[in-house]
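So that you can see what the record holds, here are the features copied from TrEMBL:
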- 9, 10, 11, 12, 13, 45, 179, 197: L-glutamate binding site (BINDING)
- 9-241: domain 'Glutamyl/glutaminyl-tRNA synthetase class Ib catalytic' (DOMAIN)
- 12-22: motif ''HIGH' region' (MOTIF)
- 101, 103, 121, 125: Zn(2+) binding site (BINDING)
- 235-239: motif ''KMSKS' region' (MOTIF)
- 238: ATP binding site (BINDING)
Ligand code: GLU
C-alpha cells in the first residue's frame, strides 16, 4: 500500500479518562495504520457538551502519549465544527432526505427495540408533523432495503435500516448535531480511509454509510474490534465504572491489550514498555487474527 494512502483515526468522547476498553480500540486503530506506514489522527468527539467532562480531553491525550500512541497533526475538536454539520444538514434537507420530528422520548418509549437495545423509530412524523406539534429533532429517512456492507473483522454483513433502526436522528431535540451526522462529516473532512473502532459501533455503520451516500462522500473501510467486558459481562464504560488506565505497569497493560487483539507478545518482551511492545506488534499486525468475541479484562486493567 502507498504509505500516504492510509489515514486512520481514534475518536474518543471526552466523557472521562480512557479505560482499558478504549485503549484496546486505540491500539488496534494505531497498529492498523502504522503497520502500513499510514497516518493516525485523533479527533475529540466533544459534540455532546452535557456529557463531556471538563479536562477529560487533555487527560486522554496525556494517556495516549504515556502509552506511546503518538498521533499525526492537530487534534480535531467536534465542538468547533458546527458550521460544517449545519451545511451537511442543509444538504440533506435540500435532497428531502431528512424530516422534522416532534416525538418525545416518552412518546417513543413503547416502540419496539432492536437487538442493540435502540428504539426502532415507528415513522410517526415521516409524512409530516402531526397537527399542533412542532419539530424538535431532525431524522434521516431510513431506506427499506437490505444494504450489504463489509467489515474487515466481521466479514460481509447487511442491515435493513427501515426495519432494524428506523429513521434516525441527525440533529437532536436539544439542538445538538447527532453523532451519526458529525462522524460522517468529520471522517470525510479528515480524508479517513480506514475506521478501526470498538464493536459496539458495528451496527452504526450502515447509518453512516447511508449518510455518506446521500452527501456524495466516500465510504472508508471498516473494522470493528472486540469489546472488552468486565467479569459481570458488561462493556467497560464510564457507566459500568471502568477504572481509568493505570499509570503504572503500562507495559503489562499494553501486553494484555495486544493479547486480546490476537497478538500475544513473545516471552522476550515480558517487562517491555509500551513503545517496544507496539514496535513488535506493528511488525506482526494482521487484522485477521483479531477475535470476534468480546474479551474479559483481567485484573491488570
Ligand atoms: N466517539 C465514539 C466513542 O467514543 C467513537 C466514534 C467512532 O469511532 O466512530 O465511542
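In case you wondered, yes, glycine gets a Cβ from its N, Cα and C as well.
Fair warning: this is a prediction, and the values are worked out from it, not measured in the lab.
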Measuring Cα to Cα, tell me the gap between residue 9 (L-glutamate binding site) and residue 103 (Zn(2+) binding site) in whole angstrom.
34
Would you mind sorting out which binding-site residues among 11, 121, 125 put a C-beta under 6 angstroms from ligand 1?
11
Spatially closest candidate among 101, 103, 121, 238, the listed binding-site residues, to residue 197 (L-glutamate binding site) (Cα to Cα):
238
Using the alpha carbons only, what distance in Å do you get between residue 10 (L-glutamate binding site) and the residue listed as 'ATP binding site' once rounded?
18
Greatest CA-CA distance (Å) over the residues 9, 10, 11, 12, 13, 45, 179, 197 that the record ties to L-glutamate?
16
For 101, 125, listed as binding-site residues, tell me which one has the smallest number of other Cβ atoms within 10 Å.
125
To the nearest whole angstrom, what is the C-alpha distance linking residue 179 (L-glutamate binding site) and residue 238 (ATP binding site)?
18
For residue 13 (L-glutamate binding site), what residues in its own chain, 6 or more apart in sequence, show a Cβ-Cβ distance under 8 Å?
44, 45, 46, 47, 48, 51, 52
Among the binding-site residues listed here, 9, 197, 238, whose Cβ has the fewest other Cβ atoms inside 10 Å?
238
